[in-house]
Each structure stands twice: as C-alpha cells, then as structure tokens.
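Trainee: The ATP binding site feature in TrEMBL is assigned to Gln13, Pro14, Thr15, Gly21, Asn22, Gly149, Asp150, Asp151, Val208, Lys217, Met218, Ser219, Lys220, Ser221. Residues or ranges marked as L-tryptophan binding site in TrEMBL: Asp137. What TrEMBL records for 14-22 is motif ''HIGH' region'. As annotated by TrEMBL, motif ''KMSKS' region' applies to 217-221.
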Amino acid sequence: MTAFKPLVFSGVQPTGNLHLGNYLGAIRKFVALQADNDCIYCVVDLHSITAQLVHEDLKGQIRSIAAAFIASGIDPEKHIVFNQSAVPQHAELAWIFNCVARIGWMNRMTQFKDKAGKDRENASLGLLAYPSLMAADILVYRGTHVPVGDDQKQHLELARDIAMKFNLDFRDNIRATGTGVDILVGDEPVHAYFPMVEPMIEGPAPRVMSLRDGTKKMSKSDPSDLSRINLMDDAETISKKIRKAKTDPEALPSEAEGLKGRPEAENLVGIYAALSDRSKADVLSEFGGQQFSTFKPALVDLAVTVLSPITAEMRRLMDDTAHIDAILRNGGERARARAEKTMAEVSDIIGFLR
Ligand code: TYM
C-alpha cells in the first residue's frame, strides 16, 4: 500500500480586513506547518467574486493578504505563495468537479445558505459552486492536509466526497493510465487519483468568537468593529477592544471544564492559549481564580506583543508593491508547473484529446 506524498494547502480570501480569527484559525497554523511540510498558500481571488462581484481595490486586497502571510513568517522561497487567478488550472479542474458534484450536495452547504440568505434564486451560480472550486484548489496539487478554521469543515468534507466520486467513477481509467495510488479509506482499499484531504482544525482556537457576543463567530462582516481585532489595529485599539470585550462576573475557573456555558470566558482563554502556543488547561492553571480585571491586561500585553511586529511588517511590505508582486508572480509560476502536470493526467483519465 503506497500513500500520497504529504502536501499542505490552504487559502484565504482577499475580502476586507484580516482579523484575529483568520490569524489564529489559519495563518498561525500555516507558519507552524512549514518546518516539516511542503506547503502551498493561496490568496483565493476567484472565490472573492462569488458573493460580491465588484470590489474596490481588489489588487490591493490581494497584496495585503500576501503581505500578511509573509509578515506572519511564511517563507515564499521554501514554500509557495501565490494568487489563485494566476493558475488557470484551478478553474479548469473546478469545471470538472462541477460535473462530478451533485447540486444537492451544494444546496446542503450551510455557508451557501447563510450567504445566499432568503433570496437563493438571486445568488450567483459561483456562490453555489464555491466548494467545488475550493476542492479544485487543493486537489489540483493533490494536496493532503488543509489547515483551516472550524467554519470550513463542511467544505472539506465535500472535497472528500468529490475526490471519492471521481476516484470511483474513473477507477478503470485511473488504472489504465497508471496515475493512481493505492490508499485505504476506512478499511476499504481504493485505487485513487485524488487523495482524501485531511482537515487540520485542532488547536485552542479553531473558532474565534466575537468579542461582543461569545456565541457568534468573529467575522469580517460583523457591523461592529469592536467585535473583532483586525491585523492592522494598533496597540491602543487592541487594548480598547479587549478591555471592552464582553465577559461574565465570575472569576476564571482553574480547569477547562469550568468554561462550559461561559462562551465569552472560553473565547478569551482560547485566544490567550493560541497566542502563546499553550493549551487552555495550561493557561487556566496560571489564571484560575483570577478576575477578568487581571486577565484582560495580560491578554492585551500578549496580543500586542504577538501582533504588533506583524502589523508593522505588513505595513512595510505593502509600501513595496513591486516586491509583493514579484513574490506572487514567482509563486504563481511554480504552482502552475505543478497544476499543469495534474491537469494533463486528469484530461487523460477523463479521455479528452489534447
Ligand atoms: P476565509 O477567507 O473566510 O478565512 C480564511 C481562514 O480563516 C479561518 N477563519 C477563522 N478561524 C477561526 N475563527 C474564526 N472566527 C475564523 N474566521 C475565519 C477560516 O476557517 C479560513 O481557514 N473558503 C475559504 C478559503 C478557501 C480555502 C480553499 C481554504 C478557498 N479555497 C482551499 C482551504 C483550502 C474561506 O473563505 O476562508
């Protein structure tokens, strides 16, 4: 039994300001995974036009995500950083996946239901097909591991369903072309062209919540800026937002169990843990029994210490657009070379002449 070569892939949309949820749920994990893995990190500009077609300064938004990647510590020479539209094979494979996936699968996606709202008939076809493009992003490199926040879990399950259906529908052609790999899916041996992607969601902050309401996800679209910490916020703003964050009147518990039913406390402890690479239990062993009036200033100090250098570096990089553009162009070329190889094999498996 052979296996796919491990490859980490993930993407971030160039829409609005990056916030602490994006950083802790995704980018900080991207950085940590570099040491032991081959990694590809993508600014998914094709995805950004699914919900809203026209964007003010989309080029600037794309550059700012690339700047955030690099300022956070991603090495664009050892790994690949690029923007999705530079590699047309993402859209090409997404078309094939549109023919593999079923409309019913897409209709069940909670993000589609949330984003389309009541007027589903008026949502773009691209918004419905969004997860198919996301599967193509990963699988055009035959990516195996995908670090994301908890909100992307359902999309990654769908990517597995698409990969599985392709592998089974084209089983004979995959064998005939000699392009497959023997894997186990559960106990079942499968001769696969595409791997079953593994979501990497674990960690103390897989779902960072709003600072104003511990039951709502921290999000770019929340009308209240006090609900989130943006990666471009200065120290004073971070301090103000954490001081104003909603809490309850109790002291912090000494064990993680005690956070149950206290969403705001759990969120702030999770943020502290993720920013300091510790577990929630470990943080509570230090702060258990203390009031938020003690914990919040410690969290402000930690957040400012971790985020300020990233913000400063992002600003510096964004002043040098030629440098960022060169990184993206170089990453795009290296990504394209890999994606072309996959698409040549996929075309052969399907039976296209080219
Ligand atoms: P996007 O751009 O909305 O978010 C980027 C990453 O940030 C994570 N995230 C969070 N994590 C924890 N707490 C939060 N409050 C929070 N908010 C956002 C997201 O889970 C994500 O990891 N569909 C994706 C982009 C994408 C992609 C891909 C990801 C396109 N193709 C292929 C992985 C692989 C999205 O819209 O992420």
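Cβ from N, Cα, C; glycine included.
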Trainee: Among Gln13, Pro14, Thr15, Gly21, Asn22, Gly149, Asp150, Asp151, Val208, Lys217, Met218, Ser219, Lys220, Ser221, which the record lists as binding ATP, how far apart in Å are the two most distant Cα atoms?
Mentor: 19
Trainee: Secondary structure at Thr15 (ATP binding site) (DSSP, helix/strand/coil)?
Mentor: coil
Trainee: Based on DSSP, name the secondary structure state of the residue listed as 'L-tryptophan binding site': helix, strand or coil.
Mentor: helix
Trainee: With helix taken as DSSP H, G or I, strand as E or B and everything else coil, how many residues of the motif ''KMSKS' region' (217-221) land in each class?
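Mentor: When I sort the residues of the motif ''KMSKS' region' (217-221) into the three classes, I find 0 helix, 1 strand, 4 coil.
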Trainee: Limited to the motif ''KMSKS' region' (217-221), I'd like the whole-number average of pLDDT.
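Mentor: The average pLDDT of the model in the motif ''KMSKS' region' (217-221) works out to 94.
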Trainee: Near ligand 1, meaning Cβ under 6 Å from any of its atoms: which of the binding-site residues Thr15, Asn22, Val208, Met218, Lys220 fit that description?
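Mentor: Asn22, Val208, Met218, in sequence order.
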Trainee: As a test of the contact definition, list every same-chain residue at least 6 positions from Asn22 (ATP binding site) whose Cβ is closer than 8 Å to its Cβ.
Mentor: Val12, Gly149, Leu231
Trainee: Would you kindly give the Cα-Cα distance separating Gln13 (ATP binding site) and the residue listed as 'L-tryptophan binding site', rounded to the nearest Å?
Mentor: 12
Trainee: Output, ordered by sequence, the same-chain residues six or more apart from Lys220 (ATP binding site) with a CB under 8 Å from its CB, or 'none'.
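Mentor: Expected: Thr15, Gly16, Asn17, His19, Arg228.
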Trainee: Within 10 Å of the Cβ of Gln13 (ATP binding site), how many other Cβ atoms are there?
Mentor: 21
Trainee: For Val208 (ATP binding site), name the DSSP secondary structure in the helix/strand/coil scheme.
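Mentor: For Val208 (ATP binding site) - judged by DSSP and reduced to three states - the answer is coil.
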Trainee: Within 10 Å of its Cβ, which one of these binding-site residues (Asp137, Asp150) has the largest number of other Cβ atoms?
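Mentor: Going through Asp137, Asp150 one by one, the largest Cβ count within 10 Å is at Asp137.
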Trainee: Sort out the sequence-distant neighbours of Val208 (ATP binding site) for me: same chain, 6+ apart, CB within less than 8 Å of its CB, listed by position.
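Mentor: Result: His19, Leu20, Gly21, Leu24, Gly25, Gly149, Lys217, Met218, Asn267, Gly270, Ile271, Ala274.
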